Amino acid sequence: MKSFFKPVIIKKFLWTLFFLFIYVLGTKLTLPFVDMSKAAAMDGTSTTLNYATALMGGNLRSMSLFSVGLSPWMSSMLIWQMFAVSKRLGLSKLPLEVQERRRMLLTLVIALIQSVALVLNLPLQEAAGVDMTTIMVLDTLVLMAGTYFLIWLTDLNAAMGLGGSIMIVMASMIAYIPQDIWNSIQELKISSLWLALMLVFSLVFLYLAVTVERSKYRIPVNKINIHNRFKKYSYLDIRLNPAGGMPIMYAMTLVSIPQYFLLIIHFLQPENQLIEQWIEALSMGSPAWFILYLLTIFILALAFAFINISGDQIAERMQKSGEYIENVYPGGATRRYINGLVTYFALVGAFYLILISGLPMMVVLVDIRYLRLSMIPGIFMIFIGMVFSIKDEVEALTLNDRYRSLL
C-alpha cells in the first residue's frame, strides 16, 4: 500500500480524478433536439446496446455527448491487433504514424456506423428553422466528436494519470451497473436468504477469479554469460488464462455490432418484417444471441492469448539476445514450443471464461429480468483484470524506490 502514497502516484491520481470529472461532466451534456421524456425507439435492442456501451465507457441511458463511448476505438484496436499478428500482411512493419492513422480511420468508420444507428432511432424533436435531416447530421457529428474527445482524454490520462482507458471504462461500470443490479434485486423481490447466499457465492468466486488471474506457468530460461546463481530468477511466464477478462468485454461489444447495422436497415425499410425478426433474434436473451455471445468469447480468448503472447516475437527476441529454453533448440523449435503452450492455455482460458461468464447467462433464456444478476461473474472478471492492471502500473512506477542506495 505504501506504493500508492508516493508523490508521483499521488500526482497521477489527482490528474486521473480531474479527467474522470470531465468524463462525468460530459455524460451530463444531453444531445440537442432529443426528446428525453420519451424512451429511445430501439425496441428490444436497448438492453443489448446499453450494456455493450456501458462496458466501453458509453451511456445510452441519458443520450449524452459520450453515449457511444470508446467502443469504436477499442473495436478498431482489437481488429488491428488481430490482423497485425499475421506476418503476411506486414502491418506491424509499417511506420508508427501510418499505423496510428489507419487505426483512427477505422475508428472513424465504426464511430460513424454506431452514431448513425443511434441517431436514426432517437426520439428527435424538430426545432424552428431546422429540418430533421440537419438535426440528424448534427447529432451524428456530436456523438462522433464525443468519441474522439474520449480518445484524447484517455491519451492524456495515459500520459499524465493512471490506468489509461481503463479508468474511463471502470467509471462507466461503477456509475451504472451496480444500480442496475440493485434495481433487478428489488424488481425480482429476492429474499434476504438468497441475497446472503449470493454474497457468499460472490466472495468465493472473487477468490477463484483472483487466483486464476494471477496463476502462471513458468518456463525456465537460460541466459548466456550470466552466472548460474541468477538462473532461478529467469522465467518466461504464461498465465493460466492468457486473455484475461478482456474477451468478455469485447464480446459484448462485437455481438452488438450487427444490431447497429440492422437498426440502420430498419430505418430505411421500416416495413421489412424480416429485419424486425432479425433484430428480435439477436436481442440479448434470445438463443441466437446467447450462442453468438459464447462463440465470440471463445474466439476472442484464443485471439487475445496470441496477441498478448506472440511465440514468433519471443523466439526471435530470445535468439537475438542469446537466451534459450532448456532442452529446446533456439529459433523455430522455440517458436513452436511456445505457441504450443499458448494454444493449450488459451483453450483452458477460453473454456474457463465460457464456464464462468457464459453459462450463468443461460438463465436469461428463461427470464430476461435475471440479465443483470447473471452478468455479475463476467463483470467481476473484467473489473479484477483492470484493478490488477492498475496495480502493476503503480508497481512499475515505484520500482526504483524499492532499492536502497549503496552509498
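Glycine too: its Cβ is placed from the backbone N, Cα and C atoms.
Taken straight from Swiss-Prot:
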{"type": "TRANSMEM", "residues": "13-33", "note": "transmembrane segment"}
{"type": "TRANSMEM", "residues": "65-85", "note": "transmembrane segment"}
{"type": "TRANSMEM", "residues": "104-124", "note": "transmembrane segment"}
{"type": "TRANSMEM", "residues": "133-153", "note": "transmembrane segment"}
{"type": "TRANSMEM", "residues": "158-178", "note": "transmembrane segment"}
{"type": "TRANSMEM", "residues": "190-210", "note": "transmembrane segment"}
{"type": "TRANSMEM", "residues": "248-268", "note": "transmembrane segment"}
{"type": "TRANSMEM", "residues": "287-307", "note": "transmembrane segment"}
{"type": "TRANSMEM", "residues": "345-365", "note": "transmembrane segment"}
{"type": "TRANSMEM", "residues": "370-390", "note": "transmembrane segment"}
Paired segments the transmembrane segment (65-85) and the transmembrane segment (133-153) in contact, 3+ CB pairs under 8 A: yes
Interface present between the transmembrane segment (13-33) and the transmembrane segment (133-153) (three or more C-beta pairs under 8 A): yes
Chain residues outside the transmembrane segment (370-390) and at least six past its termini with a C-beta under 8 angstroms from it: 47, 51, 55, 162-163, 166-167, 169-170, 173, 177, 180-181, 183-185, 188, 198, 202, 205-206, 209-210, 213-214, 244-246, 248-249, 284-285, 353, 356-357, 360-364
Paired segments the transmembrane segment (287-307) and the transmembrane segment (190-210) in contact, 3+ CB pairs under 8 A: no
